[in-house]
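Features of the protein shown, as given by TrEMBL:
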{"type": "DOMAIN", "residues": "A:59-174", "note": "domain 'Tetrahydrofolate dehydrogenase/cyclohydrolase catalytic'"}
{"type": "DOMAIN", "residues": "A:195-342", "note": "domain 'Tetrahydrofolate dehydrogenase/cyclohydrolase NAD(P)-binding'"}
2 protein chains.
Amino acid sequence: MSSSIFNPPSSTTALLLRSRHPVLVGPTSLRFLTVRSSSPSSRVLSVAASATEESAMVIDGKAVAKQIREEIAVEVSKMKEAVGVIPGLAVILVGDRKDSATYVRNKKKACESVGINSLEVNLPEDSTEEEVLNYISGYNDDPAVHGILVQLPLPSHMNEQNVLNAVRIEKDVDGFHPLNIGRLAMRGRDPLFVPCTPKGCIELLHRYDISIKGKRAVVIGRSNIVGMPAALLLQREDATVSVVHSRTSNPEEITRQADIIISAVGQPNMVRKSWIKPGAVIIDVGINPVDDPSSSRGYKLVGDVCYEEAIQVASAITPVPGGVGPMTIAMLLQNTLSSAKRIHGFE
Amino acid sequence: MSSSIFNPPSSTTALLLRSRHPVLVGPTSLRFLTVRSSSPSSRVLSVAASATEESAMVIDGKAVAKQIREEIAVEVSKMKEAVGVIPGLAVILVGDRKDSATYVRNKKKACESVGINSLEVNLPEDSTEEEVLNYISGYNDDPAVHGILVQLPLPSHMNEQNVLNAVRIEKDVDGFHPLNIGRLAMRGRDPLFVPCTPKGCIELLHRYDISIKGKRAVVIGRSNIVGMPAALLLQREDATVSVVHSRTSNPEEITRQADIIISAVGQPNMVRKSWIKPGAVIIDVGINPVDDPSSSRGYKLVGDVCYEEAIQVASAITPVPGGVGPMTIAMLLQNTLSSAKRIHGFE
């Protein structure tokens, strides 16, 4: 089935990651797939892959994110010991949207779990833009703050572009500043930060040893926060990239050519079996609530990709939830750590 | 043959542009193709298209560039009359490369032809980076200068990135500053300037009324100065864009899917007939010297696309020379004019 684009695993030891689905990679009936660690000191996870006909390997974002947080925790404590500095992330939340409050709480918890200091300010809905800018200015100058994150969306009376542009580029851990995006697009230049969600997508491919160079990649969606930077990242790694969007006349036909699909459009189950080349790898960024009477909440979360169909034809796929989602916060922690390292010349 | 992607022409009056090749657009045996003018006051050029089997329309960059220069001349004199300001372009040339000297001379001439002031400084090869930066700083502050252009390549002892980044973004008429590129990549943001050569490619499509929205476009090459910004521009106009490059394993197959091909790789005659979908539109940015004993110079210039083969299958194509080349300087003049307008709040 799959003209596998995986590199052969180099190690098959250690922890067995539980996957909710049986795994098939390539033509062999039983093999191990290594989840790589970027830090040579930390252990190498591996997935025991037992064969079941037509069922993709599940890319376990939750497990990878956990591993990355462990690596970050080690680095944070090393840095504290060596130079006496603890990385700090400041989060600015304006208004009382419940979803935003939840995101901010999760970020705070994640910081705590790795030893990063988190500062938080919660401003009332009717704050002025100037008040927000004052807080940003304070954090820009605060040597204990290495990353500044403004939780979006802002109340409608504020100019989002003005607010985001006020964050010092050296502390723009979200990576959304146009100067960062420009550097991401340009060969021979390097951004200070890469936006967290697309960075998490690529990190998953790396950790699963999925080769990108020379592969056909299709990114579905061209948003500033996911699709566009994901396409630039894939191209930086020498993929041949096509971007499919709402004006594309034949998205199915183009997507079917991809070895790697990254979908980020927010359309539940849009990508069907017929869109997927056998053996393709799928990174599903969509997190879409759909009605589900069987759930106590009355809804469930699904991706942009019809999971039940995709696992029959793809060679690997991220689940929703538990795929890209957990990676976003892990990458935010990583950006904050690397900002602190850069500012203090550590490593 | 071609499932024409041209809009129907709306006007068929005025000047007959001479084309070196007979023209066929769509299934009709004799039709007119309008070359649009962006300025309603200036005349509309049109191409009389006489049918010859299997021969693409020639996109006449020389004629379009001439028309644009005429439009700019009108605007420059209007501006001078209304606000007493003459747009000014400063060009910095370091060293004595003959080709660079020729480019700079051509830019100077082009400025003169439309009434734009040109300032030029020619520094010796062994100048220091600081000397160049001093000139840039002076032009940055000079109210008579609205555009600053550093002729590349710089001598090898200078850091090109440092020098280019020193140009004030409001005067970066080359459009190469990463902040400009970032804005070009982002939806909802607008760059102050678009790099001249890719802008010229898109302008040719516009002037020939070639529809971009929803079309498949393939850009061959991913350079910072042409390929990458061309891809971003096409995507801004709602094309579905794929970027083919040196690591692409099947460039022919992907290119053959394109309604619009922009090639910018510097490989003579690389794109052959078999790469081209019948009816595709080809914008050939390559200008490659190849041996030609029959020429008095001993060489001739050819594009990335094998012209003799391409005209048999494409619906429209730019010649080399006389296609994209003349557009680059016309776009530089346009960027300089619009910079002056923006700085002085004119129009």
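Glycine residues also receive a Cβ, built from the backbone N, Cα and C atoms like all the rest.
Summed and averaged per residue, pLDDT over the domain 'Tetrahydrofolate dehydrogenase/cyclohydrolase NAD(P)-binding' (A:195-342) gives 98. Note: the domain 'Tetrahydrofolate dehydrogenase/cyclohydrolase NAD(P)-binding' (A:195-342) comprises 52 helix, 31 strand, 65 coil (DSSP; helix = H, G, I, strand = E, B). Secondary structure counts, DSSP: the domain 'Tetrahydrofolate dehydrogenase/cyclohydrolase catalytic' (A:59-174) has 62 helix, 18 strand, 36 coil.
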